[in-house]
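The block underneath contains the structure these notes are about, expressed in structure tokens.
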Amino acid sequence: MISLNGSSFLNNSRYGVSKSIPQSHGRVQAPMVVSASSSNGRPGDRNVAVLKESTKRDGSPVIEVDPKSTVAGGVEDVYGEDQATEDQSVTPWSVSVASGYSLLRDPHHNKGLAFSEKERDAHYLRGLLPPVVVPQQLQVIKKKPQPSGHLICAFIIFLILEETTNDLSIVMLFTKQIKKLMHTIRQYQVPLQKYMAMMDIQEMNERLFYKLLMQNVEELLPVVYTPTVGEACQKYGSIFRRPQGLFISLKEKGKILEVLKNWPQRKIQVIVVTDGERILGLGDLGCQGMGIPVGKLSLYTALGGIRPSACLPITIDVGTNNEKLLNDEFYIGLRQKRATGQEYAELLHEFMTAVKQNYGEKVLIQFEDFANHNAFDLLEKYGTTHLVFNDDIQGTASVVLAGLMAALKLVGGTLAEHKFLFLGAGEAGTGIAELIALEMSKQTEAPLEQSRQRIWLVDSKGLIVRSRMESLQHFKKPWAHEHEPVKTLIDAIKAIKPTVLIGSSGVGRTFTKEVIEAMASLNEKPIVLALSNPTSQSECTAEEAYTWSQGRAIFASGSPFSPVEYEGKVYLSGQANNAYIFPGFGLGLIISGAIRVHDDMLLAASEALAAQVTPENFDEGLIYPPFTNIRKISAHIAASVAAKAYELGLATHLPRPQNLVAYAESCMYSPNYQNYR
Ligand SMILES: O=C([O-])CC(=O)C(=O)O
Ligand SMILES: [Mg+2]
């Protein structure tokens, strides 16, 4: 690998890979870059040699040094390396072929999506680009000018470059950079423009991106995460600039191990993978779902302290059933209907096998935004052979249980004394229901089946009851209790009389005035959780929940809402989002060297999160702590998860550190600049 200097530093967010070959070979395959691995050459040395390219009779390229650029000694010894005496210093020039990740970041040679299939194979690009190959002409059309956004983006790039050349101390420089960048980002009116600006910063200067995000977490989380990331996925085709993460499509069948090897980092600790079929509550976005693994992994670093270089976002592209995308000429994914059944299972199996083979047993694979029918099966199938975690089933369950544990301090009673009604019986709904039942059983020592009787679910066909058993999907069956059929949510509320109402259906505006009023008439302090994302899919808004319950609801939502004023009082609502859990949960698995995920670890994470809600938070009606202290919160979650891994004999990092909170904190990535010599 060549060492980076000069402009290559500034153009690489982290660094790229190149294959180095000695200059003396004389002829190489294009595209080539010439680089000096140190700058201690004689006066007159330049960072880039002047080369002439010609073609031999057999068509192969020959690279010659231009005679005019020689300093003495002729063509053969252009920089005097051969003639130098021992006391003279020389510059060790090397010539390398740009390939893979660094080729895509080399503006001179990059062709983006126009690289052909053959070129992708020859230059280690497979997987680094989405599967579509587009002609240059389509790339030109796509580059239609964007509203004022680009001007500001250009300004951001200028800010990053300008500040790094200033003669300030590193700390002052960082503070100044952050202040200026935040000022610039705040000038955007459109959230998607803020998102694009953040992605540009991430690409240009990774440490600055994380410093910015960590210092302004409350303000920037809605930009890099829900709700804006949802819009970014919907418009990915037109905002797409540089590919992030690995794309593994059906075209890569049989070659997945090779594709993993094209990724420039070797030591991967966390993979977030989606197949794009159920992106938030937005449905099938195919290959454009890549925004989700990228966003989740940014949070793994910013909130959980996992090194960015240890994170790998992956999108598996098996096609899409989204007609709009299939007819969109700028769609970046495979233009075909989703593969299912054996074809799907085989690709996923090859992927899971290749990941373990390449990164070992302790790499965490987080499944994200798969559709119900695959999510449950994958978790069950690989739960005993891999370190897998489904964020939508398990992460959401853990965060909601934490919120409920905290809410009980406000409303009183034990879990078993409450009654729960869900709207939505998919991954989130049944995952949460099962974890509540598990915790209830632990507390009461009652059988799981008995605890489940306190929990009811409504799906698109009405209340899940015993008479529907035959036609229910397997993950709904445990919730089919004895009851006469009930068609609507409002009738289910009247019949079941729940104290807690949880929305997890992915469908917005379903907690109507009538629904909230019914909950408020049954309970002094109804607990209402509107979990679906992004904001457009939320079951109700914070304002609706507080207004329709006359300020009595204990409310939290999956996507953030601003504070609400109702009859002169300001109400803050918490964000019941798995972002509280997965970064700390993953960190706990990593620092203990865990090899499997166990449900007791999820309960441990819930308890740790609930314990972080302060009396001041409760006074404000909050059942989650603010995100401002998230790194501290994550350290506590990580410590509890790791402790459980040791207790269960699932940890391999031995001996067990004494103080797990301090150990977790000491393992966290810091985005502060390092000094280069
Ligand atoms: O991404 C989020 O905000 C939470 C989540 O996992 C989902 O809604 O699928
Ligand atoms: Mg999700």
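Cβ from N, Cα, C; glycine included.
Averaged across the domain 'Malic enzyme N-terminal' (202-383), pLDDT for the predicted model comes to 97. Annotation source TrEMBL lists domain 'Malic enzyme N-terminal' at 202-383.
DSSP classifies Y225 (active site, proton donor) as coil under the three-state reduction. Annotated active site, proton donor per TrEMBL: Y225, in sequence order.
According to DSSP, R278 ((S)-malate binding site) is assigned to coil rather than to any helix or strand. If you draw a 10 Å sphere around the CB of R278 ((S)-malate binding site), it holds 24 other CB atoms from the protein chains shown. Residues annotated as (S)-malate binding site in TrEMBL: R278, N533, N577.
The Cβ of K296 (active site, proton acceptor) has 27 neighbouring Cβ atoms from other residues within 10 Å, across all protein chains displayed. Taken from TrEMBL, the feature active site, proton acceptor applies to K296.
For D392 (divalent metal cation binding site), applying a Cβ distance below 8 Å and a minimum sequence separation of six or more within one chain yields R278, F367, E368, D369, F370, A375, E427, A428, G431, N578. The annotation divalent metal cation binding site is assigned in TrEMBL to E368, D369, D392.
The domain 'Malic enzyme NAD-binding' feature in TrEMBL is assigned to 393-646.
Close to Y225 (active site, proton donor) in the fold, though at least 6 residues off in sequence, lie G295, K296, S298, L299, A579, each with a CB less than 8 Å from its CB. D369 (divalent metal cation binding site) has a Cβ environment of 27 other Cβ atoms inside 10 Å.
Ligand 2 lies under 6 Å from the Cβ of the following recorded positions, listed in sequence order from Y225, E368, D369, D392, N533: E368, D369, D392. Within the same chain, residues at least 6 positions away in sequence whose Cβ sits under 8 Å from that of N577 ((S)-malate binding site) are T226, V399, N533, G558, S559. Classification of E368 (divalent metal cation binding site) by DSSP places it in coil, neither helical nor stranded.
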